[in-house]
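Taking it in order: structure first as structure tokens, then the write-up.
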Amino acid sequence: MEFSSRARQRHARLAGDRREQYPHSLQFYLEPPTESISLVEFESFAIDRLRLLKVIENLGVSYVRNSDVYKVKLEAELRKLKFPYRALAEDDYEARRKDHISHFILRLAYCQSEDLRRWFLQQEMDLFRYRFNELTESLMQKFLEHVNLSFEAIGEDLKNELANELSVSTPGFNLPKVKEQMFYKVGLADAVDLFRTRRVFIKDGFAYVPFKEIDVIVLNNYRTKLSKALALTARSLPSIQSDERLQPLLNHLSHSYVGPDYSVQKNTGKISLEQIDALSVKSFPLCMRQLHRALRDSHHLRHGGRMQYGLFLKGIGLTLEQALEFWKKEFIRGKVDADKFDKGYAYSIRHSYGKEGKRTDYTPYSCMKIIMSNPPSQGDYHGCPFRHSDPELLKQKLQSYKIPPSGIAQVLELVKGMHYQLACQKYFELTHDVDDIGFSLNHPNQYFTESQKLLSGGREPKKEFNNSGNFQQKNNSQESINSSSTPTSSNAKADTELEGLEAYFTED
């Protein structure tokens, strides 16, 4: 895969040839891109696909997949982000190109750990399922031929001969419906999931699959191919991690979030130190409530906890002077005297506010950063309680906060499914007594802001899913990037060429 800045002019010249690369709006992503794109496109394509996959994750938990409301909301997001959403569209070459390239960029970013691979695979599967089911029967048939899954359709004579067996063995099919539906003769190995759940008729080592169930076979085939591809790409990790062009960008993508930039303090000085205890109960997410309680109990937090909690407090409006007073008062109640605090800990607080060292104004941690980096060890209290806590300890903690048993069960079910941000979202709903918070939760400071709006009557809980907001990420020098500005990198100009990346997706 090559990346450079001369794409647009070549598009006009080569559009006719290139359109042959994307004969369908859907694909298995078997071949990596070989064309050149700019660094601006590299980042913006990846950001848009990441936003799309986050929406899919939220919709998959909030609504029944393939329900009308699920389809409407997902199509709206595909349309907004300019990904293929109508299989019949004849002028969606740019959307198909974006779909192809962005998949491979995120495959690079999300091959780096088992958790990332599992998350990426699940969201891509859900996206593929939706798009495949939106195809017409004729387009499905063309797609199956394109990916070499052209199963043999049984003739009318054989279907009439087996009509009773097909009707009895295929749930929801009476005799008239059997005669209307096309059936395929599929090898048992390809239809094992349908066989296990007793949804197809089996004879002589073949499954007779109705057309409406063919998506199960296609999805299993796609899952197998994508799982293998992710494992193959993961083998290239040493090379990827040594690539100075790529590694900072890919790390940011796998730890990024969609939401406002909380490095800009809008409420500076509006929170008093006396309010923090009450706010921690009413408006802090569980991770920050846990840190605050640990600080009050032990009068100390280790570095990871101080960074996570300190930057959160900065984001909700504590000034540098307030932060120094807050931490000093608490630490000197423990084993740290005033002199030791002034000589050691005060420097790191001033540093986080951009007043020491390189004068970098650090931003509060997003949910993805907390979940994916620096897991807590014994004696630590930072991290995400939904990701890093033992389920039984999490259950006890929620019980101590008077969360009802039914709500605890919902939270633990989301945790079991590794939907940690959605578990926090459910915690928000339970502690604020709302059915639907109406936004996608991606940041502890977003949790605080929305809680305060709700408690003060500044907003009504929305009943529509909303995933709007700017993309924010930080590079090593803590420079912000958001979707309303041109993506840039501290190590490269916007038109920097990135090329030769297809090797990461292929075997030696």
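Cβ coordinates are placed from backbone N, Cα and C, and glycine is handled just like the others.
According to TrEMBL, the protein carries these features:
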type	residues	note
DOMAIN	278-448	domain 'DNA primase large subunit C-terminal'
BINDING	CYS287, CYS367, CYS384, CYS424	[4Fe-4S] cluster binding site
REGION	456-500	region 'Disordered'
COMPBIAS	475-491	compositional bias 'Low complexity'
Practice task
Taking the Cβ of CYS424 ([4Fe-4S] cluster binding site) as the reference point, list residues of the same chain whose Cβ is under 8 angstroms away and which are at least six residues distant in sequence.
Solution key: PRO285, LEU286, CYS287, CYS367, CYS384, PHE386, LEU441, TYR447
Fill in the blank from the handout: Counting across all protein chains, other CB atoms within 10 angstroms of the CB of CYS367 ([4Fe-4S] cluster binding site) number 25
Exercise for the section: List the other residues in this chain whose Cβ sits within 8 Å of the Cβ centroid of the [4Fe-4S] cluster site residues CYS287, CYS367, CYS384, CYS424, in sequence order. Expected result: PRO285, LEU286, ILE370, ILE371, PRO385, PHE386, ARG387, TYR420, GLN421, PRO444
Problem - Cβ packing number for CYS287 ([4Fe-4S] cluster binding site), 10 Å threshold - result: 27
Fill in the blank from the handout: Row CYS384 ([4Fe-4S] cluster binding site), column other C-beta within 10 angstroms, all chains, value 26
Exercise for the section: For the domain 'DNA primase large subunit C-terminal' (278-448), provide the mean pLDDT of the predicted model. Expected result: 92
